[in-house]
Each structure stands twice: as structure tokens, then as C-alpha cells.
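Here is the structure we will look at, set down as C-alpha cells.
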Amino acid sequence: MKISNTPNNSSTITGFILLGFSCPKEGQILLFVLFSGVYLLTLMGNGSIICAVHWDQRLHTPMYILLANFSFLEIWYVTSTVPNMLANFLSDNKVISFSWCFLQFYFFFSLGSTECLFLGIMAFDRYLAICRPLHYPTLMTGRLCINLVISCWVLGFLWFLIPIIITSQMSFCGSRIIDHILCDPGPLLVLTCQKAPVMELVFSTLSPLPLIITFLFIMGSYALVLRAVLKVPSAAGRRKAFSTCGSHLAVVSLFCGSVLVMYGSPTSEHEAGMQKIVTLFYSVVTPLLNPVIYSLRNKDMKKALKKFLRL
């Protein structure tokens, strides 16, 4: 990575300036307390699901194994942004080093891509369970479940690897201010010495692609699930099937909806304030709500959580 100073700025550049939320010092402290609480609740909520699945033998099924892995992913996803955000609230200069900026860039987008893939295989699991109930135990085996989990992590972390390596080798000139809450490709590419339309096209294509493919796959899976559920003769059976899928659909709607708003259109179309709010929603709020959504709508999970909390 090469850094060039403008003639009016001869000081040594040691990193980017991540503006975050611009407000007085008192407001920064209030935000620090608020997001510290949100972060701890997110860790506790997702950690509780992982422990409940681990300790309750009844939950050692593909559906809950995937859910536990998803909760583990959410812990790392929120950790890729919030700790640095908290440090930023208390910082006077709000400088983030070049290496940490690109590490955050890589892990945030890689974990986001992995989350998209996880939502896809969770929909696939529900499709098999409802549309192929007799063949489900032989189709969704423990080995297949583990292979799907590993594939999600590997593909998710390979998706943005080359574009981020290329971006990290580009030259940056003039202003080093990133008007965002994290190192995002849009604001970063604006700081390059030369316009990089190819890289902008690559990121505008790669960013929404995993989400769009996964979203279409999920919608296709649930269209088949809906058709199968409507053929169930009893109302109780239909309610149980819809309850099983409802939590997953709620999480998909929250995550996919906000990410599509952010990356489904060119970054330049969104004001900086809107970018921060939308990014905050899918990167911080959604991981906080996921444990609540899955536990409230799932009797087995509620029983397991009560059992775990009594230990």
C-alpha cells in the first residue's frame, strides 16, 4: 500500500480517520455505554444458544447444529465491528491503522458472505425436513451437515480475498477521512490516487451477489415448502410447519432486506448518514435480535435455554 500526501499535508499518515457518529463528547460516551450493552447482550444471547444446543441432547439434530454454528458466526460478525466502534467513541483522533482497517474490511465482508451462505443451507435443511420428511434422516446426515458448515466458512472467506488484497495494494492520496462506522469499500475507493472503475464494478458486483443468489435460493426453497405445507390436512400440522420456518424467515428478512438496501444499489446513491444507519442495523441490531427470534418461536429452544440457565 502506498500513501501519498497532498502538498498541503506533509505530516506522516499513520492510518485512516474513521469518523463514525459525529456528536459531542457527552454523546460519544452515551453511545459507548449503549453499544457496550448491546454488544454484551449479543454475546450472551448467541452464547446461550450455543451452550443450550451443546448441553441438551435433544437438540443434537442438523437444524440446531446449524443454528448453533450460526450463533457462533454472529458473535464473530458483531465482534468485527463493535469493539473498534467502542474504541472510536472514546478516541480523540479516531485513527484506525491501515492494517486494522483492511483486516476489518476483510473479516466483516467475509463473515457477512458466510452468513448469507448459512441462511441458505438452513433453508435447505427446512426444505428437506418438510418436503422430504421420510428421507430427511438419510439425506441430512451428520456428515453432510458438517460438510455444509465447513463449505460455508471456506467459501465465505475466499469470496472477497483477492479484491481486498488488490485494494490494499492501491495508492491513497490526500484526505484519509472515512465518513463511516467501518472500513467500507465505497469510502475507501474514493481515497485512491487514481479512479478505479474496475474495482468499483467488482465490489458493486461481488458485494450483493452472495446475498442475491442465497435470497433466490431461499425463496425457491420456501415456495416448495409452502406448497407442501398447504397440502397438510390438519391445521395443527400446518401451524407447526409455519412456526418452524417463521423464525428463519424473520432473520432472512431482517438481514437480507437491510443488506440489499445498502449494496443492491450504487453506494453513491446513499447519504453517509443513511449508510451508517443501515450498516448499523444489519451488523449490530440483527445479531442482537436473532437469539430472541429463534428462542421465542421455538418451544424446544425455550425449554433448552431454561434448562441451561438453571444449571
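Each Cβ is built from the backbone N, Cα and C atoms, and glycine gets one as well.
So that you can see what the record holds, here are the features copied from TrEMBL:
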- 29-52: transmembrane segment (TRANSMEM)
- 45-294: domain 'G-protein coupled receptors family 1 profile' (DOMAIN)
- 64-83: transmembrane segment (TRANSMEM)
- 103-124: transmembrane segment (TRANSMEM)
- 144-166: transmembrane segment (TRANSMEM)
- 209-230: transmembrane segment (TRANSMEM)
- 242-265: transmembrane segment (TRANSMEM)
- 277-296: transmembrane segment (TRANSMEM)
Intrachain residues whose Cβ lies under 8 Å of the transmembrane segment (29-52), provided they are six or more past its termini: 21, 23, 59, 67-68, 71-72, 74-75, 78, 82-83, 85-86, 89-90, 284-285, 287-288, 290-292, 294-295, 301, 304-305, 307-309
Closest-packing stretch to the transmembrane segment (103-124), where packing means Cβ pairs under 8 Å, from 64-83, 209-230, 242-265: 64-83
The domain 'G-protein coupled receptors family 1 profile' (45-294) [mean pLDDT, rounded to integer]: 86
Which of 64-83, 209-230, 242-265 contacts the transmembrane segment (277-296) most, counting Cβ pairs under 8 Å: 242-265
Residues from the same chain, set at least six apart from the ends of the transmembrane segment (209-230), whose C-beta lies under 8 A from its own: 113, 116-117, 119-120, 123-124, 126-127, 130-131, 156, 159, 238, 241-242, 245, 249, 252, 256, 259-260, 263-264
Distal contacts, the transmembrane segment (242-265) - CB-CB under 8 A, six or more residues away: 112, 115-116, 119, 122-123, 126, 129-130, 204, 207-208, 211-212, 214-215, 218, 222, 225, 229, 275, 278-279, 281-282, 285-286, 289-290, 293-294, 296-298
